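What follows is one structure encoded as structure tokens, with my remarks underneath.
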Amino acid sequence: MSVKNGLVQLENLTSMEKLSVDEVMGLIKRASAFKAGTAEFDLEKQTFASNLFFENSTRTHHSFHIAERKLGLDVLEFDAQASSISKGETLYDTVLTLDALGVDICVIRSGVEHYYEELVNSDNIHCAIVNGGDGSGQHPSQCLLDLMTIYEEFGKFEGLKIAISGDLTHSRVAKSNMMMLQKLGARLYFTGPAAWYSEEFDDYGHYANLDRILPELDVHMLLRVQHERHDSGESFSKEGYHNHFGLTEERAKMLKPTAIIMHPAPVNRGVEIADSLVESPQSRIVQQMSNGVYTRMAILEAILAGKKAK
């Protein structure tokens with residue numbers, strides 16, 4: 001990984017831990033250039049990408065597809081049910097096969113944490129691996145689009161007060177964001193049910209009472225309650241969660257006029273956030289979705305630059 005002539009070069013993108021501040025800022029600025037229509041990109045040869053999603057996805061899956069098409073890549077959509085995965089083939093052997101067929105980039109989402117380690121450490125797999133989310137582990141492309149959205153608003157990260165609220169333990173978005181936001185100089189707070197907070201977060205910020213810190217925040221980043229990752233009986237009722245931990249209309253009145261509301265989506269309206277606030281003037285949720293395309297264009301460009309530099 002490196003930055004040369006203003007362009008980031010990546011071999012793979014699996015975790016935010018692997019990225020430097022310079023690389024992150026380079027990707028944000030490149031994504032902004034794609035958004036503004038000022039970025040020049042020339043695909044020098046036919047390039048194939050395949051999107052392997054073993055968990056349901058709307059935003060990540062389709063924004064990667066659109067990003068790939070905007071850059072001129074040939075996209076091989078992958079249906080696990082129609083593939084040899086349904087016959088018992090492993091993810092490793094599936095990627096080994098796609099690599100042998102000539103696929104250059106595999107974007108993968110899996111419920112298995114760290115699935116990518118076996119792939120990137122293989123001597124026989126040469127395609128680039130982009131992690132589209134691994135269980136409760138990491139979600140680097142979501143983190144980067146979140147950072148782009150924050151940077152568009154404030155032009156900095158240093159000194160910003162940011163709360164990440166909700167289902168912390170089960171959230172790969174929280175883990176990716178806390179790592180990089182701390183590195184970029186933001187001051188982090190965590191709020192939500194104490195049962196969904198763990199000691200690993202102590203290295204990055206402070207567990208706080210939401211009502212006490214709301215007036216100080218620059219960014220309130222909400223997280224979806226991930227019922228599919230919970231043990232039975234672990235979840236709250238929708239109304240109970242919203243009243244105790246969600247961004248209600250009354251709580252939103254406590255925010256500074258300059259503060260912004262974020263959510264990686266899908267949004268459970270009336271649970272993490274009041275329905276009326278999802279598209280409110282302070283919300284940047286739709287902007288996050290839009291920025292996902294440009295951020296993923298920047299990621300793919302960096303991967304292609306890394307492959308060319310080898």
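Even glycines carry a Cβ here, placed using N, Cα and C.
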Candidate from Arg30, Arg109, Arg187 that Swiss-Prot assigns to the same carbamoyl phosphate site as Arg59, Thr60, His139, Gln142, Ala265, Pro266:
Arg109
Arg224 (L-aspartate binding site): which of the binding-site residues Thr60, Arg109, His139, Gln142 have a C-alpha within 10 angstroms of it?
none
Could you measure between Thr60 (carbamoyl phosphate binding site) and Lys87 (L-aspartate binding site) for me? Cα positions, answer in whole angstrom.
26
For Arg109 (carbamoyl phosphate binding site), what is the secondary structure by DSSP, using just helix, strand and coil?
strand
Which residue, out of the binding-site residues Arg59, Lys87, Arg109, His139, Arg172, shows the minimum number of other Cβ atoms inside 10 Å of its Cβ in this structure?
Lys87
